[in-house]
Amino acid sequence: MGSSGLNTNFTRSVHLVSLLLLAVFAGVHGRHGFSDSSVDFYTKECPAARRLVASTVRSAIRTDRGIAAALLRLHFHDCFVRGCDASILLDGSNGAQAEKDSFINANSIRGYEVIDSIKAVVEKFCPGKVSCSDIVTLAARDAIVQIGGPSWKVSSGRRDGLVSNVNDPLGNLPPPFGDYSTLVSMFAAKGFSDDEMVTLSGAHTIGVTHCGVIENRLYNSSGPDGVDPTLDASYAAQLKTQCPFGTGRANAIKMDPTFGGNVFDSNYFRNVQKNKGIFTSDAALITNPRGKSFVQREASGLIRPFFQDFAAAMEKMSNIEVLKAPAGEIRRNCRVVNPKTTAAATPPLPSSPPNATTPAPANS
């Protein structure tokens, strides 16, 4: 399982934010029962909710700027498996493992403690009103805004799922070594076009990966010295200095070294054009004429058109298979289903597409 690495200073800052916001918004409680997902849902349910989420995310990023990428990835891994239902947050129970225990997530996902902190603050205001799935969705948006990225509309009123299966991430999360057709198929299974797949790949402009994920590209491919021939030679040499053979997870490397991998911009696409995308899946984007053309579009400006495209795609992603009342629940603790809630036995999700390769963990 990932760890946010938040230190005592962050814990104290969250506590201070909580006290200050409680003083400002004390006594504000919405009436639960609105069954539709809406941008202004918490105007009635919990007017302070959005500000509480944004303030806590801001405090977390001040302590650890890399947490922005972690929160975005957490949101993506949640929505692509069973929809945006916060199933990724559930701990395993009764001897059964959950999504977070899958090797894909256990080795790459962090930020759980930030979500816990947000939930704790929100529960002080509006107990039982704000779902964990809404918190994950809002936190991802607010995190990207904090590091210079675009904002997008986040509807609220999602409900939290009751099921989390360790096998579900397999076949549903696009692999970092996928080819173009695999990526297109896996994104299409979630309702995304080729162009939206390319746009969402731009999230690799922030965050880190680990040497073990790219070791085959550096040492076990068909090019000279085992280097993937689709990888720029100078960039490969640089990566080899950071990732000696056999390093595995010991070293973390920036997926986009520009600005330390902590500024959200379109530079990822210019890297891809220069054969400096860190993953095989990055290089795959320009192996197809349509993909190559859209990479060129997204690389054409520092902000536009990438920010607009990314915002639209993220808004769409945040609404994948959303649960609405009376389905699901609003968890009081994001890591466990509520007491007396009986989750029906649910089989693992089918892998999509049928011929998809198993993904490896990418960034954290």
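For all residues, glycine too, the Cβ spot is worked out from N, Cα and C.
Given the structure is predicted, the values throughout are model-derived calculations rather than measurements.
Features reported for this protein in TrEMBL:
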| type | residues | note |
| --- | --- | --- |
| ACT_SITE | H77 | active site, proton acceptor |
| BINDING | D78, V81, G83, D85, S87, E99 | Ca(2+) 1 binding site |
| BINDING | P174 | substrate binding site |
| BINDING | H204 | heme b binding site |
| BINDING | T205, D256, D265 | Ca(2+) 2 binding site |
| COMPBIAS | 354-364 | compositional bias 'Low complexity' |
| DISULFID | C46-C126 | disulfide bond |
| DISULFID | C79-C84 | disulfide bond |
| DISULFID | C132-C334 | disulfide bond |
| DISULFID | C211-C243 | disulfide bond |
| DOMAIN | 36-338 | domain 'Plant heme peroxidase family profile' |
| REGION | 338-364 | region 'Disordered' |
| SIGNAL | 1-30 | signal peptide |
| SITE | R73 | site 'Transition state stabilizer' |
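Here the features listed in TrEMBL are painted onto the structure.
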residue: H77; record: active site, proton acceptor; DSSP (3 states): helix
residue: G83; record: Ca(2+) 1 binding site; DSSP (3 states): coil
residue: E99; record: Ca(2+) 1 binding site; DSSP (3 states): helix
residue: C132; record: disulfide bond; DSSP (3 states): helix
residue: P174; record: substrate binding site; DSSP (3 states): coil
residue: D256; record: Ca(2+) 2 binding site; DSSP (3 states): coil
residue: D265; record: Ca(2+) 2 binding site; DSSP (3 states): coil
Do you see any of the recorded positions C126, T205, D265 whose C-alpha is within 10 Å of S87 (Ca(2+) 1 binding site), and which ones?
none
Densest Cβ environment (other Cβ within 10 Å) across the disulfide-bonded residues C126, C132, C211, C243 belongs to C132
Which residues, in sequence order, are found in the same chain with Cβ within 8 Å of the centroid defined by the Cβ atoms of D78, V81, G83, D85, S87, E99 at the Ca(2+) 1 site, excluding those residues themselves?
H77, C79, F80, R82, C84, A86, I88, G161, S164, D168
Would you mind pulling the DSSP three-state label for H204 (heme b binding site)?
helix
Rounded Cα separation (Å) that holds between C79 (disulfide bond) and C126 (disulfide bond):
25
State the mean pLDDT for the domain 'Plant heme peroxidase family profile' (36-338).
95
From H77, C132, H204, T205, D256, C334, the recorded positions whose CA lies within 10 Å of that of G83 (Ca(2+) 1 binding site)
H77
For the Ca(2+) 2 site given as T205, D256, D265, which other residues of the same chain have their Cβ within 8 Å of the site's Cβ centre?
G202, H204, I206, T258, F259, G261, V263, F264, S266, N267, Y268, N271
State the three-class DSSP label for C243 (disulfide bond), counting H, G and I as helix, E and B as strand, and everything else as coil.
coil
In terms of Cα spacing, which of the binding-site residues D78, V81, H204 are within 10 angstroms of D256 (Ca(2+) 2 binding site)?
H204
Across all chains shown, how many C-beta atoms besides its own are within 10 angstroms of the C-beta of E99 (Ca(2+) 1 binding site)?
28
Out of C46, C132, H204, T205, C211, the recorded positions in the record, which is closest to V81 (Ca(2+) 1 binding site) when you go by Cα distance?
C132
